[in-house]
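J.: Quick paste of what TrEMBL says about this protein:
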REGION    1-20  region 'Disordered'
COMPBIAS  9-20  compositional bias 'Basic and acidic residues'
TRANSMEM  69-93  transmembrane segment
TRANSMEM  113-130  transmembrane segment
TRANSMEM  137-159  transmembrane segment
TRANSMEM  179-196  transmembrane segment
TRANSMEM  225-244  transmembrane segment
TRANSMEM  250-271  transmembrane segment
TRANSMEM  375-397  transmembrane segment
TRANSMEM  417-436  transmembrane segment
TRANSMEM  457-478  transmembrane segment
TRANSMEM  575-597  transmembrane segment
Amino acid sequence: MVGAMANSEAKEEQEAREGEMRVGVVPMEGDGGTEARGKECCDYTLDGSVDLRGRPAVKGSSGGWVTGILLLVNQGLATLAFFGVGVNLVLFLTRVLQQNNADAANNVSKWTGTVYIFSLFGAFLSDSYWGRYKTCAIFQVIFVVGLVLLSLCAHLFLLRPSGCGDGHAPCGSHSSIEVGVFYVSIYLVAFGYGGYQPNIATFGADQFDEEDPGEAHSKVSFFSYFYLALNLGSLFSNTFLSYLQDQGMWALGFWASGASALLALVLFLVWTLRYRHFKPGGNPLSRICQVVIAASRKSRVRMPPGGEDLYVGGECAEVSGTRKILHTEGFNFLDRAAYVDSNDFTIQGERSILRDPWRLCTITQVEEVKCVLRLLPIWLCTILYSVVFTQMASLFVEQGAAMNTNVHGFRIPPASMSAFDILSVATVIFFNRRLLNPVICRLKKSPRGLTELQRMGVGLVIAVMAMVSACAVEHFRLKHAGGNAGSSLSILWQVPQYVLIGASEVFMYVGQLEFFNGQAPDGLKSFGSALCMTSMSLGNYVSDVLVTIVMEITAKGGRPGWIPGNLNNGHMDRFYFLLAVLTSVDFVVYVACAKWYKCIKLEGKSGEEKGGSGV
C-alpha cells in the first residue's frame, strides 16, 4: 500500500523535475556558464546534502523514493517491534506482575513518556555530533539488545508456572532482581526506540532535495506515508501479537518483536551507501547561550529601527550546511546580540576578526533562538492532545476488558481494538491526500490546502469528539454492568472512539511532523521532530498526574473513586468528560497561539513558502 502511493508520488516528482529542468536550462544573455550550472543543478542536490564521504550528493544515485521506501519499511518493522511490547504492557503488568489497574496504567504512562523524553537526547546527539545516520544505527542496536533481554527475562523468570498470564492462570511471585531485570529491559527498549524515532523521520525527509520542486513535493508526502508506515507496522502488533499475548504466549510475542527489530536494523545498514546526509552543526545549546549572553551584555544599546545594520556574518560564521535565516520582528531584545559596535572586531592585516562570539552573534543565530521560542507555545498546546491519545493504550484497554469481548464465539483481545485506530489512520490519510486536500486547494485557489497549524486545530476538535464518544460508551457500559468488573455491552461499541482518535492523529501528528520539521532551523531539524515526540511524552506524564489527582480527590471517605480496580464501582465516564472539557479549553488557547505565530524566513524563500503555517 505504501509502495503504490509512493510510486504515484514518484511520478508527480518526475513530472515536476522535468518541468523545472526545461525552465532551468534556458540560457540568459551574456551568461555562457549557465548550461554548465544547469547540468550541475540536475546532477547534484542543492540543499547541501552530501554522500557518505562528504561529497555533494548525486541525485540519480542517492536519496529519493528508493531510500525513502526502504526507510518507511524500516520504520514499519521497528514500530511493529515497539508496539509488540507496548500495546499489551498494561495487561502484562496486571496479569504477570500482579499490579492493580491504576498502578499499571500509571506505569505504562511513565514508560511511554520516558520513550519520548529519550527522543530529545537522540535529537541532541544527531544535530550536534553524530549526524542522523549514525544516531539511528546506534539506537537501533540498543533497541534490539533491550528486546532480546526482555524476551529472555520473560521466558526464563517471569512466566512461571508455564501458561500463566492468560487472564485465568495466575503467575507466581517474583524476586526483586527478576522484576529489576524486567524494568531494565523495557527501559532499554524505551531508550533505543526513543533515540531512534525522531531521527528516522528527519533522516527520511533528508532524502528529498527541498530546493527541487518535485522532490520538495515528495518530502511533504513522505511525512504522511511515514505516519502511515508507523501505523501499519503497529497493526500486526495490535492484532496477531496482541492475540498471542492475550492467550498467555508473552515470550513468543516478545521474541517476534526482537526479530522484527533485528530485520529493521539489517535493512537500514544494507542501504548505507545510497543515503543522503547532512553534517551535524555542533552543539546548539552553546549557540543559544551565546545569543542570550550577547544580548544581555548589550542591554543598554539603543537599537536602530527595522533591524538594520545587524551582523549578517560571512560564510564561515554560519553553522556548516545551514541556510541563512532572515530577520523577523518580535523578541526584539535578542536582536541586540547581532548589533555591531566598535569593540566587536579587531583588525589583523587586511582582515576584520571577530573578537568574542559571546558578545556578537549573526542574525541567523539570533533567529534560531526566536524560532525555538515561537515553537514552544504551539508545542505546549499539543501536550493535552497527547493526554487524550495515551488513553488508547491504557484506559481504553481496561474499559474494553470490562466489556463483552465475545463476538460470534470469538474472543477479541481488548488491546487489539486499536486496529480500528490504525485502519482509521490509513483511510483518513488516503482520503485527505486524494480527496479533501485537492478540494480545499480549489476552494482556496491555492496549491497548499490546509496549513499545518489548521490541520492540528482540526485534530484537537476531533479529539474532543473522541472523548465524548468514550464517555457515552462508558455511561452505557455501566448501565449493563454485572456484579463483577464485566458488562454485557459489546466491546464493538468502542469502535467509534478508536476511529475518531485515528482521524485526529492524521491531522494532529502528521501536521506536527511537517510543522516542527519545516519550522525548525537547519541545525535543529531532529530537535523539531523530537518536539513532536516529547509532546507525546509529557502527555503521558500529565495523564499519570491527572489520574493520580482524580483518584486522590474522588476516592476520599471510603469511596472507590472514578477509576477503581473494579470499574463497575467507578465513574470513568466522568474522567473522559473531564478530558473533553480540558481539550476544548486547550483548543481555544491553541487558536490564539496559532494566530500569534510567525513563520521562519529562509534566505531566498518567503515565510509562506517555507513555513506553510498560520491560521
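Counting begins at 1 with the first residue displayed.
Every residue, even glycine, has its Cβ placed from backbone N, Cα and C.
As the structure is a computational prediction, the values presented were derived from the model and not from experiment.
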J.: For the transmembrane segment (225-244), which partner among 179-196, 375-397, 417-436, 575-597 gives the most CB pairs under 8 Å?
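T.: Looking at each of 179-196, 375-397, 417-436, 575-597 in turn, the most contacts to the transmembrane segment (225-244) are made by 417-436.
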J.: Under an 8 Å Cβ to Cβ limit, what residues of the same chain, 6 or more beyond the ends of the transmembrane segment (69-93), are close to it?
T.: 2-3, 6, 99, 103-105, 107-108, 111-112, 115, 140, 143, 147, 150, 165, 167, 186, 189, 193, 196, 200-201, 203-204, 207, 225-226, 229-234, 236-238, 241-242, 245-246, 250, 253-254, 256-258, 260-261, 263-264, 267-268, 271, 393-394, 397-398, 401, 413-415, 418
J.: Can you name the far-off residues of the same chain, 6+ from the ends of the transmembrane segment (113-130), with a Cβ under 8 Å from a Cβ of it?
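T.: Residues 82, 138-139, 187, 190-191, 193-199, 202, 280-285, 523-527, 529-530, 533-541, 544 contact the transmembrane segment (113-130) from elsewhere in the chain.
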J.: Of the stretches 137-159, 179-196, 417-436, 575-597, which racks up the most C-beta pairs under 8 Å with the transmembrane segment (250-271)?
T.: 137-159
J.: Short question: which residues 6 or more past the ends of the transmembrane segment (575-597) have a Cβ under 8 Å from it?
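T.: 374, 377-378, 381, 384-385, 387-388, 391, 395, 453, 456-457, 460-461, 463-464, 467-468, 470-471, 474, 547, 550, 562-563, 613-615.
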